[in-house]
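S.K.: Feature annotation from TrEMBL assigns [2Fe-2S] cluster binding site to Cys13, Cys15. According to TrEMBL, the feature domain 'FAD-binding PCMH-type' maps to 101-286. Residues or ranges marked as FAD binding site in TrEMBL: Val129, Val130, Val131, Gly132, Asn133, Thr134, Glu135, Val136, Phe209, Asp232, Leu276, Lys294. Positions annotated as substrate binding site by TrEMBL: Glu673, Arg751, Phe785, Thr881. Residues annotated as active site, proton acceptor in TrEMBL: Glu1130.
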Amino acid sequence: MADLEDAFQGNLCRCTGYRPILEGFKTFTVEGGCCGGKGRDNGCCMANGNAAQLNEEEDEHEATSLFNAEDFAPFDPTQEVIFPPELMTLSRGQRSSSLCFRGSRSTWFQPGSLQELLNLKWEHPEARVVVGNTEVGIEVKFKNMVYPVILAPAFLPEMSHVTHTEDGIEFGAACTLSHMGAVLRAALESLPPHQTEVFLAVLEQLRWFAGLQIRNVAAVGGNIMTASPISDLNPVFMAAGCKLTLVDKDGSREVQMDDSFFTGYRKTILRPQEILLSILIPYSKKNQFVSAFKQSPRREDDISVVTAAMSVVFSSGTDIVEELKLSYGGMAATTKLAMKTGNKLLGRPWGEELLQEACSSLAEEMTLDPSAPGGMVTYRRTLTLSLFYKFYLTVLQKLRDQGVKGEELQSEYLSASEIFHPETPCSAQIYQAVPEGRSLEDVVGRPMMHLSALQQATGEALYCDDVPLYENELYLAFITSTKAHANIISIDSCAAEEMPGVVCCVFASDIPGSNATGPIHYDETVLADQQVTCVGHIIGAVVAETQLEAQRAAKAVKVQYEELKPIITIQEAIANQSFYQPFRTIQNGDLEAGFKQADHILEGEMHIGGQEHFYLETNVTLAVPREDGEMELFVSTQAPTKTQSLVAKALGVSANRVVVRVKRMGGGFGGKESRTTLLSTVVAVAANKLRRPVRCMLDRDEDMLITGGRHPFYGKYKVGFLNSGKVVALDVSYYSNVGHSMDLSLSVMERALFHMENSYSLTNVRGRGFLCKTNLPSNTAFRGFGGPQGMMVTENWITDVAQSLGKPSDEVRRLNLYMEGQSTPYNQILGQFTLDRCWDECMLRSEYQQRRAAIELYNKQNRWTKRGLAIVPTKFGISFTALFLNQAGALVHIYTDGSVLLTHGGTEMGQGLHTKMVQVASRVLGIPPSKIHVSETSTNTVPNTSPTAASASSDLNGAAVQNACQILSDRLEPYKSPKGSWEDWVRAAYFNRVNLSANGFYKTPDLGYDFETNSGRAFNYFTYGVACSEVEIDCLTGAHKNLSTTIVMDVGHSLNPAIDIGQVEGAFMQGVGLFTLEELHYSPQGVLLTRGPGSYKIPGFGDIPTKLTVSLLRDAPNDKAIFASKAVGEPPLFLAASVFYAIKEAVSAARVESELRGAFRLDSPASAERIRNACSDRFTQLCPPAEPGSFTPWSVQV
């Protein structure tokens, strides 16, 4: 499993929550599964043991297996695809031959000898030396760098050798990091421990250096010569005093990596004609101790915030410092040695006095400009002290182990020096088994595999960009604004139009129909005309023969601006009264009387950051012009009908001339509900202008820049409550950062207000919502659609109430929880209420009380690591808040061979909608699912469809499919003879001229809410859930571990437990990203600084809870939806707030150590920076933040 987990580092998934991927691959490992194969089927024997806490009668009706491993074909290594033998022989023992490839902008040399390399470097001193291309490739792709000459010496033996010397191990500069790691690990086996301190430090950094794929190609020399100020390895090499051999045509020289090696940002002392030949990593001395540290937002495959290496040498048999080197990355434009501090501490004993002196000195020496690139200045400065303290404790422990007398080491400090080793996760999935005796052909309620699972796992599933190229097809690239708010003075596209492969440019004047667009209000432009209102605003496009030609030409278009003052943040919008209308209010009860009744009144505020959708398939459109003004579009969209209508509007044709086809999406999450039309309309205009097929798939950085994401929210609240913790009054205001157009923001705010009480009964309440108009790309739908932001503020004030009263938060939550028959602030009565059952089961399955006691004990015994536990409920309303969208259609054909073609209005984005629809049709028609096929979603089969959104697609489309299939079943009734087969019945009906095609339709009854009168049913029903999470934080770095999560979810009678549990886990992990990890950084000028996986971090495999239990509530039928099921797509996301509030509880425990008690502000996400800064202690006090307003920050909280 360790090998598997290493291989997964750097691999990202946005849909599954990772657990099923790990569990599937686990079957290939020697362990054969969790607990060394002792578990039942796919579950963990320990986790499944939780079920025993419920009575035996319930156990009989529960299932814990989503698959049967015995069904798998046995693994046969002889049948595996082998690495091509010819390539293996080419790479074995053969000296490289000279090669040269010449391109239009660059020449690539592979020299055949070291001398040839040196000669080439002498001739081309500006040439880049490349081995793995992990840095230069990124510079060329994303930073528009052009390198006319590239030298590739990877196969030169002098550059890739490993030599063991008297002083250490010498590695050729072209040695890969993986190979270097293997050699160092082997050295640990053969050398005495005192000689391997440096090797251990290097290996510790390599554990978290990128992913295995990168380490397999990236070279140690490249890592040094890139001279990155946040390099993971350079601080170790510097602290260890590694020696480097530099060569050129005239000879060689040896230099030591010290504070003079890096001369400036990305610069070294190497002369232009020199190359780095090798590095000598020395053995450590007998009295030397070396440690390395890396702190990054995400532990796996992430760039450092601060990285450090520290080496101390003691006088023999004493704790007197003889030599001390403290090397840091992330604290200057170069890797930096803290020379003053190191020199100041020489000759001092390793104790508390030295620690205090070191911290004071480091705080003075390791300063940062408050405007420093990368931001997080206070956090970075604090880390320099915190990491030294970790080193101090580590060394103290090692001295004690060697019998050196010195400072006493208290046991509660030991956990601060522990090296992190991930545990293999284990899991349990529990759901209600179908009743005994039900026909095996009735697949509703069974864990049926996703219909596309095999194609997706093998890579055979076709996505939009997999559509084969059309003859004469062209590629489009956007020209986007670089200013947040400006008038366009001029656009010069002459240079672009003369570039190779360019066919034309497209601007607003080329639009034959209307340039006004937008999903509800036409307050946007297809292409900017005269003014831009955000960075990334689409001004025009270049159409060329290839993607590369189009993108290069787009960068050559020159736009002149007259800049206007932008509004970027919510606070700026409030200050400038920059709001969209209308404001929304929901009010119930007597607020004034409620506050008079309260024993306590508390006010607070919270900011919730935005979130990037990060669907793995970015936005893509292929437009194919047909005859008579027709246009066929292949689009990755959740809203085919909206795409159809807006494309028709831009082209100036009626909707019946435009066909939109959607096979499947590689993720959507709301990001493809309305913003896909930004791309589709422009591509259609270009295809219409040229009468040729045009394609565009956005690169990740373009997609992130242009399309917007989840709305950042700012909440202010005033809450009145009794001594018991019962809340009697709430006044809350929400402000959302909408961006430069309305998009769906009013509906998002309405849903936030509908969820402002989450799961708590409030008698006197007022909620107000304000839409902030800013100069950012328009924010849009995202799983939860404002609900998570609304509920997050709720959970914040209920936590504040508990903390201010000194009561356990679970007690205050339970006291305020809704009960059956109570009414919401929008006057909807809660029937079929199961939240109390979910709560009680979650308390039981999570062993809440036992864990609470264990955490209290742990926190008493550990000063620098703390644990927290939180249980959080959710109540999520199911329906579109826009009444007219609560409708769906279906079209079902039965062919004469008995096969069924099913089409409905929903789109497949990996969530398993098509699979569920086949299950519904299978039950109604009484045939196996193998006879039913869903090809695609298209506007020419089911018209006027609602977007696949709001978690309602199974409810709406399922009922429409049921309707169509029931019509067909009724038509076939006269032909159903007991002796005949399905095929016989179909043929008989056909020959009797019965229509074997039917339209189905459904609209949700009794809906419609009026904000003016606060009356009407806003939602058809509610989905309930409760999650309990336990975390451990490192108070010194802010890092945290998700130790365990137990989720109990009411999904009614699940249509498909495998898919529903997958949705619960996937939504939960996306919520973990939202509330603990993912941060969008914008500059004060409105430029998005986090435009890809390098800087924007979604959860990885290592972020899933070590122990994860998901239980679907049993015996909870829902009479408001298809076959008593419930919606599941969005509701579980908010349950990840349990991780956030567990973190907040752990931070509270840390603050108590510094005599800080009561409520405190912790904004979302609870990043390592925020956690560390909130754990106020002696180190944070040495690094106070700069005064706001006294500097221009690198990024702002939008």
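From the backbone N, Cα and C atoms, a Cβ is placed for every residue, glycine too.
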S.K.: Using only C-alpha positions, which one of Cys15, Thr881, Glu1130 is spatially nearest Glu135 (FAD binding site)? These are the recorded positions in the record.
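M.R.: Considering only the listed recorded positions, the nearest one is Cys15.
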S.K.: Of the recorded positions Val129, Phe785, Glu1130, which one sits closest to Cys15 ([2Fe-2S] cluster binding site) when you measure Cα to Cα?
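M.R.: So, of the listed recorded positions, the one sitting closest to Cys15 ([2Fe-2S] cluster binding site) is Glu1130.
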S.K.: Quick one: Cα separation, the residue listed as 'active site, proton acceptor' versus Asn133 (FAD binding site), in Å?
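M.R.: The separation of the Cα atoms works out to 40 Å.
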S.K.: Fill in the CA-CA distance, Phe209 (FAD binding site) to Arg751 (substrate binding site), as an integer in Å.
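M.R.: Answer for this pair: 42 Å between alpha carbons.
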S.K.: Rank aside, I only need the closest one: which of the binding-site residues Val129, Val131, Asn133, Leu276 has its C-alpha nearest to that of Glu673 (substrate binding site)?
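M.R.: Considering only the listed binding-site residues, the nearest one is Asn133.
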S.K.: Work through the binding-site residues one by one (Cys13, Val129, Val131, Asn133, Leu276) and name whichever has its CA nearest to the CA of Arg751 (substrate binding site).
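M.R.: Result: the closest of the binding-site residues to Arg751 (substrate binding site) is Cys13.
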S.K.: Give me the Cα-Cα distance between Val131 (FAD binding site) and Phe785 (substrate binding site), rounded to a whole Å.
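M.R.: One finds 46 Å between the Cα atoms of these residues.
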S.K.: Long-range same-chain neighbours of Phe785 (substrate binding site), Cβ under 8 Å, sequence gap at least 6?
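M.R.: The list for Phe785 (substrate binding site) reads Gly670, Leu744, Ser747, Val748, Arg751, Ala949, Ala950, Glu1130, given in order along the sequence.
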S.K.: Counting other Cβ atoms within 10 Å of each residue's Cβ, which of the binding-site residues Cys13, Cys15, Val129, Val131, Leu276 comes out lowest?
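M.R.: Minimum Cβ neighbour count within 10 Å, taken over the binding-site residues Cys13, Cys15, Val129, Val131, Leu276, occurs at Cys13.
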S.K.: Give me the CA-CA distance between Val129 (FAD binding site) and Thr881 (substrate binding site), in Å, as a whole number.
M.R.: 58
S.K.: Taking only same-chain residues 6+ apart in sequence, whose CB is under 8 Å from that of Thr881 (substrate binding site), what do you get?
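M.R.: Residues satisfying the criterion: Ser747, Glu750, Arg751, Phe754, Ala950, Tyr1009, Ala1018.
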S.K.: Rounded to the nearest Å, what's the C-alpha distance separating Leu276 (FAD binding site) and Cys13 ([2Fe-2S] cluster binding site)? Just drop the number here, would you?
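M.R.: So the alpha carbons of Leu276 (FAD binding site) and Cys13 ([2Fe-2S] cluster binding site) sit roughly 38 Å from each other.
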S.K.: For Arg751 (substrate binding site), list the number of other Cβ atoms lying within 10 Å of its Cβ atom.
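M.R.: The answer is 28 other Cβ atoms.
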S.K.: CB neighbours of Glu135 (FAD binding site) within 10 A?
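M.R.: Looking across every protein chain shown, the total is 17.
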S.K.: In whole Å, how far does the CA atom of Asn133 (FAD binding site) lie from that of Cys13 ([2Fe-2S] cluster binding site)?
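M.R.: Here the two Cα atoms are 24 Å apart.
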S.K.: Once Glu673, Arg751, Phe785, Thr881 are set aside, which residues in the chain still have Cβ within 8 Å of the Cβ centroid of the substrate site?
M.R.: Gly670, Leu744, Ser747, Val748, Glu750, Ala781, Gly786, Gly787, Phe880, Ala949, Ala950
